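Here the structure is laid out as structure tokens; the discussion comes afterwards.
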Amino acid sequence: GAGADNDLYINQAIVFIEDAIQYRSINHRVDSKSLWLYRWYYSRTWQWILSLTITVILALAFIEEPSSLTVTSDVRYRLPAWNPPCGLTESIELLCFLVFVVDVSVKSYLIGWKEFWKNKWLMAYILTLIVSLTDWIVSLSFFCKESVRIRRILRPFFLLQNSSMMKKTLKSINSTLPEMASVVLLLAVHLSLFTMFAMLLFARTKDNQQDKEWVVYFRNLPESLTSLLVLLTTANNPDVMIPAYSKNRAYSIFFILFTVLGNLFLMNLLTAIIYNQFRGYLLKSVQSSLFRRRLGIRAAFEVLSSLKETPASAQQSCVSVGALLQVLQKAEMDSRCKQAIMRSLKMCSCDQLSAAQFQKLFEELDKDAIKQHPPSPEYQSHFMQKMQFAFGHPYFGYLGNVVALANIISICVVLVMDADKQPSERDDFFLGAINCFFILYYLLEMLLKILAMGLKRYLSYPSNRFDGLLTVILLILEIATFSVYGFPHPGWRPEFMGLLSLWDMVRLVNMLIVFRFLRIIPNMKFMALVVTTLLDLVKNLRAFAGILVVVFYAFAITGIMLFKGAVVPLGNTRYSNFLQEAEKNSKAEFTGSCVHISLFWLSRETLYFKEKKNVISWCSAHFQAEVICRLLYVLSVHLICRWAKIYFVAWWLISSVIWVNLFVALLLENFIHKWDRRCQRESLSDIEYQRTVELMFRDVLEEPTEEELMEKLHQHPHLQLCR
């Protein structure tokens, strides 16, 4: 009947408006049952379950064998890690797979069979689940003793496919690869030519004492290529040139030319190409999002214009105000936007809305979120008014910054004076006394600001919340210190009482005081601009961080499988034979039996062992044990200098070359846009503009035409329009 049709149209409009708010595609089923399922799928409950499931399945790598549940990473002191029994993590994994099966089933049903075959991501989703479940069955059949688990490498895909922004980013990277490949090819030519020059320059001679460069770095073609590739990353600079430079200073010209051409020209040229290709990336993405929003709003208008209550005599399609109010009451949207649209409807004198009026109402979604600070209290007393003026003035804040700077300087002076003293020789009286004075000033400053501004207005500023929270924490720590150790006095000794020693308490207080000094940022215009740019990147470009997590995770899991059993812990009786055989013939293939301690974090650390000399310096700084350093040196000789080079070079290309340059390009685009706009809007003391990436580019976006919108609507696979 007519009532059922009207309910369907209302529900369709609600879903289309919610799609527009979230920039979602409207190409999904629109019958009553599908709409209910669609809203349930995008509800906070299901999305929270899905996000939790993705987090859990990624976190399994930290407790699966090899487990990372150890306090220390030092192989000399580390206790045997707890490894879960067979079936525990597999049961958790099965529950996660069941959630993903439900997820892909609902997605596939909602978009329809025809759209499913066009969606490569969904097909890859199903294929990944099939491979993962097959590998899971194989794992149980071997009682969890299999050496390779393919499904662990596939886990990052679940994070990837759940974010539309990540998919767009990968698509843009894929379109940039041809241009990047040309520069990478030029880098390869650069490396090859200089490798041949190096082998000719540092060829073996009759004098073995003069062949140190040849022995260590340029013994053969693979070693020569590796040495110069590592030099391109500056990881072995200046070690690689020291033997040749000691022999003849003129050899430095070769290394200088290689570094200048490779690092200063080719690597920066790669950054320029990536920036040029990605310069319009955000703009294109936001333009596509704007089209989706306009399409969703127009779809809602079209279905509402089909209601039976719409006058048949109307020459153009129109929507009644009552129907729109009914939709707004049920739609999930920001309360600010909803109230603004309802106010506009109440101010409207007409009962029917045209397509243009309907679209204009929802332009409220595109506006900046404006946060207006509460007013200051009004005091009747003349004295209180003067107090309010004095302590609410910006100069009072500047005075607080000067005091905070003086506090930092005093801490630096004390730290320099006590740097070489033993804990028993250290007198904390002076530092404790000045900390007590400054913390009392911070408390007084906070109370006076609250008096001048009022509590609500004071808390409405993020800088005040940051300042006040640290002041309260400092006050609590100071009271706790006094209650345990008494008030500062000459000869105050850092004796251990309670949870923390006096020195630990003082250090914690000083660290918070240093952190509190960041309060000066809002008072420095250009520094605040840089900080807000970084915060916008963190807040709005989470997709790039997500892909970085995917890259790290995939390489870490791959590293665990490739380098399993490569490190021998102390106490192994076969260690001596291992080391002697390895050092006897550094060219021979050597696998050696060893105890398996490859942890998840270890593979991540191993990503940075790009050069064997650096292994020794890193190891010396962390383990301070020559035997382990020699062990890792042997490991670098036999693994990094052979097939493992492919793994590390791939890591360097993807993470350091491509991804870092991509992030620099996005950072530049975001910063330049903010820099160009910094003078266009006056900074008002009582108003804060909360911007998103979509709003940043709002003034340069092109509005889609009505013909484009209607053409797209008529192509909808599940929606039949009346016109």
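Note that Cβ sites are derived from N, Cα and C of the backbone, with glycine treated the same way.
Remember, TrEMBL labels are computer predictions, not curated facts.
Here is what TrEMBL records for this protein:
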DOMAIN    44-278  domain 'Ion transport'
TRANSMEM  45-63  transmembrane segment
TRANSMEM  92-110  transmembrane segment
TRANSMEM  122-143  transmembrane segment
TRANSMEM  180-202  transmembrane segment
TRANSMEM  253-275  transmembrane segment
TRANSMEM  395-417  transmembrane segment
DOMAIN    398-671  domain 'Ion transport'
TRANSMEM  429-448  transmembrane segment
TRANSMEM  469-488  transmembrane segment
TRANSMEM  508-531  transmembrane segment
TRANSMEM  543-563  transmembrane segment
TRANSMEM  646-668  transmembrane segment
Output the single range from 395-417, 429-448, 469-488, 646-668 maximising the number of Cβ pairs under 8 Å to the transmembrane segment (543-563).
646-668
Before we move on, state whether the transmembrane segment (469-488) and the transmembrane segment (646-668) share at least 3 Cβ pairs under 8 Å, counting only pairs 6 or more apart in sequence.
no
Six or more residues beyond either end and a Cβ under 8 Å away: which residues meet both conditions relative to the transmembrane segment (395-417)?
430-431, 434-435, 438, 441-442, 445, 448-449, 510, 513-514, 516-517, 519-520, 523
